[in-house]
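One structure is given here, and the rest of the page talks about it.
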Amino acid sequence: MVSALRFPATYVARIHTICAFSAFGSALFLGILLHYKKIVKNDVAGYPDEWWPSVSATIGDWYPERSIFQILIALTSGPRFALVGCWYLLTRSPSSDLPTWVFIAGLARTLSCGGWVYITSSDDHHAHDVLMILYIVLNIPWMVGSVYCTPFKFVKSRKYSFFVALVPLVALFIRHKVHRIPGAYTYYSFFEWFLIFADIAFDSILELDFAEFEVGSSSRSRTMAMLKKPALHRFPLIAASPLAAPVKSKLEESSKNKWSALVPEVHFLRPSISFLADLYLSYIWWSLLTSLAPTLFYFSVWELGLAGSEIAILSSLSPVFLLFPPLRRPLETHNGRVCLYLLWLSGLLAYATNSPLIRLLMVAFANIVATMNQALLWSKPDRAYQEGIILILGLLATSIAKLLNHSNNPIWPSLTNSSGGWNIIGLILAALAVFEYATRGDVSEIRSQETSVKNVETKSSILSALSLGSLLFALHSLLADSGTLVAWSWTGYPAKGPVHGTHDALTILAIATGLLLSLIDGYPQFAKHPIWLSFGASSCFVMYSRKDWPGYFGGLGYAVFLSSVAPSVLSDAIQVTSNLGPGSVFGLSWLVYVLFALADVWTVAYAFVPGGVYLRERTDLVLTAEILFVILGLSFNDSRALSMGFTSPRSFFKRAARATVLALTGAAVLFSLYRLPIDPPKPHRVQERLITAGIWTVHFGIDLEGRDSQRRMRDLIKDMELDVVGLLETDLNRIVFGHRDLSRVITEELGYYVDVGPGPNSHTWGAVLLSKFPILRSTHHLLPSPGGELAPAISATLDVWGTNVTVVVAHNGQEEDPLDRELQSTELARIMADTFPEPAIFLGYVVTKPGASRPAPYEILTVEGKMHDIDDMDWDRWCEYILYRGLYRTGYGRVSRSTITDTELQIGKFALPRHGHQVKDDSWNARYLRSWKEQLPQTFWFNDSYYGSETSGGIRGHFYHVFGTPLYYRIPEGEER
């Protein structure tokens, strides 16, 4: 006798829905009833500015709603695991691994859900956030996989619920509290609650899938099973055997039709839409890649050493995972690729968190997925040439986006709306591009209608991987921002080469020229011709060895070369994958890229970086290896590999590529012309002949939250009415800093002449001089650094109402290298003494105690440099110093850093003697006639709005500190003003 237990499978989904809704609903009801004002309060504001509670505050902060919620959510866990298990039993198939992966994602999703509901934000804020983000990320494979594997008769209900659920999924990360605006968190909470209930509703639709089934057990078999299961038409992602291939192709077409049914077919527009979608996805990939290093280097910057976050660079090695067939096979399919594209969104969503660690984890995860996805995309020989073109088009779009957005990529996670980010628009466009790809009938229709590829064996798979890895590094390090080549060639005023901002569009034109060359009829032979390879090597040498226009022209030639050979290099690597697979070839390529990226960091390795001595200031070795590997790969691989994937010149793809290149380049040129300044910069206090000068070490433009700080710097500089500004630690035209220009926003919006200082090929900390006065001439100095300190300086002569005033901006080495500091200070003293008795201002990072005798920098700079300390009675200084001579000092202020950097802004106000006259009485007593501000004209005052403290007053976290007020000084009577 056999006893059996059976019950409808719908009970599992129904019980889960009831328990989950009850848990969250009861917590919300009781929280509002008992603790309304407490649960709507957050770290920014409380009631009445905030009037709706967040999920975290509702379920985890107060008794009894917390306890009731935890009991009900515990009761939900059983049905939740059962629901995931029943779904797996319903959808598993011997011909597909996808249900297994989705099942694993479902289990992990459930466990992470338990984590963030039981570890509340008040228990451990970071753990709560990490588990919440993990839960959201795991929602994507669970929801997408559920759609793919659902029996066809129930697809309609599932697919619509999935896309509805995407709305709160994205909206959850639009965290209005980023801007800390009272009341904004309430609207964020609405989206958070909508996500919760939409997520429960999504799982509740499983009841429809289970409608015709029962869960049953038998005492004989002692197993649980889904009974009365009819034959289901699933999409088998991998055919069980070669005999199953014809069936697979039909089922794949059916699966694609599931997506395609979501949009009407518009045949005459679809190729263009698909091309634009591919271009935007390439732009996203470049954006994710270029955002990784700045995101991880935040920790190194604040630690001033290796912080451990550097290991995130290894996320680019993810193609090695494709060596494992169980993982590779489901991802190779159209549906698997859609899943990967959706997972990319985590990198774009990372902007919404204020935690640098969580942001890094999300960006690193997105890069793992994106790089793996690119490896799969590049593993199709019939699309090799087209993928090379799309790769460079994406790079061109990235460089143009940064040109239009003051050297910041608008969708980087380090940006928000207040710092120039267009994150929400970028996310919406990304979702549309992924949706277009998902609904595309056949990927090959758009990119390779007119190709015919045979399996061509290349001569060396290792050379192909070396060449591709070197090319990717070269493109990233030199062409990801149009201002990088300008910075390489800049030597100061008078300008003898390209000028920042004005000539950046020429780099765009060079990339576009290389792209157009790759679209010509004879490209396969042209790309590997010895003359063209020699041109590339020669251009690289000229770029490195020369400055000004000759060096820049060399850089432009190298840019044309790199962008033109990219399709050929990529095609060689893709052809090898047909024999070796994408995991080995692209895994090695990305290993080469990572090694080059690390070598690039070590060329500017500061004294505290282990092993820095081996590659410090050896960019020549990096460039030599880079161009050598690119050329070797092109020289020794068969050009037939590219020829057989080469489209006809009249193909839609080529016409679309040419039109896109011309449109993007035209937009970049027009925008550059539009941004040219119409009026010259104007000093603030002309009638009073005042010079307000400031020195600020801006810590590479990364604030305490890991955000770009350009606009916050602009606001303080504007309020302080600075005429001359020295910015230090500004050498950002390299991979680890995202190729940014910290002067761009300030110069364009406030109006300054700018000298950006020694370029990235000079290997320094970086220094920038901003001036409202014309810069007559300027010289860049690499200060003596036998101990390894990379110390830059700018000496400039300004035309200040007809009088030449020397300004020196410098960054000395750290205290660990006393010899470096002594030699550097001696050189700076010589530079200032050479211009005596002309008026001069020194703005520098010195690292010395006030009044310290030689060999400390203080005495060297003041005595040998013939300069005065701005206030030698200010003993509370260490790094930043302002020195002067030949001017009347009228004010001295120290403004706190807020969260912008780790160093304050020091400001000095100086009055210039009448033209043709000098300071008569330069004695200590004459210089230290202290005054109340009321005894001076109001135009001499500092901004009164910045009086305050850490607890009150000030603006945006800035206030006058140390003295609590600026210091003021009278001009001696009888002086010529």
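Including glycine, each Cβ sits where the backbone N, Cα and C put it.
When TrEMBL is compared with the stretches 151-170, 551-570, 791-810, the one noted as transmembrane segment is 551-570. When the ranges 384-401, 870-887 are checked against TrEMBL, the one recorded as transmembrane segment is 384-401. Within the listed segments 305-324, 465-484, 685-704, 825-844, TrEMBL records transmembrane segment for the stretch 305-324.
Counting Cβ pairs under 8 Å to the transmembrane segment (279-299), the top-ranked stretch among 68-89, 305-324, 336-352, 384-401, 551-570 is 384-401. With respect to Cβ pairs under 8 Å, the transmembrane segment (656-676) is most closely packed against 499-520, considering the stretches 305-324, 336-352, 384-401, 499-520, 551-570. With respect to Cβ pairs under 8 Å, the transmembrane segment (384-401) is most closely packed against 499-520, considering the stretches 68-89, 336-352, 499-520. Sequence-distant contacts of the transmembrane segment (336-352) (same chain, six or more residues past either end, CB-CB distance under 8 Å): 98, 133, 137, 140-141, 144-145, 170, 173-175, 178, 237, 259, 281, 284-285, 287-288, 291, 295, 330, 358-359, 362-363, 365-367, 369-370, 372-373, 376-377, 411-416, 421, 423, 426-427, 430-431, 434, 437-438. Residues 388-389, 392-393, 395-396, 399-400, 403, 479, 482-487, 490, 526-527, 552, 555-557, 559-568, 649, 654, 657-658, 661-662, 664-665, 668-669, 672, 675-676, 741, 743-744, 747-748, 754, 756 of the same chain lie 6+ residues outside the transmembrane segment (499-520) yet bring a C-beta within less than 8 angstroms of a C-beta in it.
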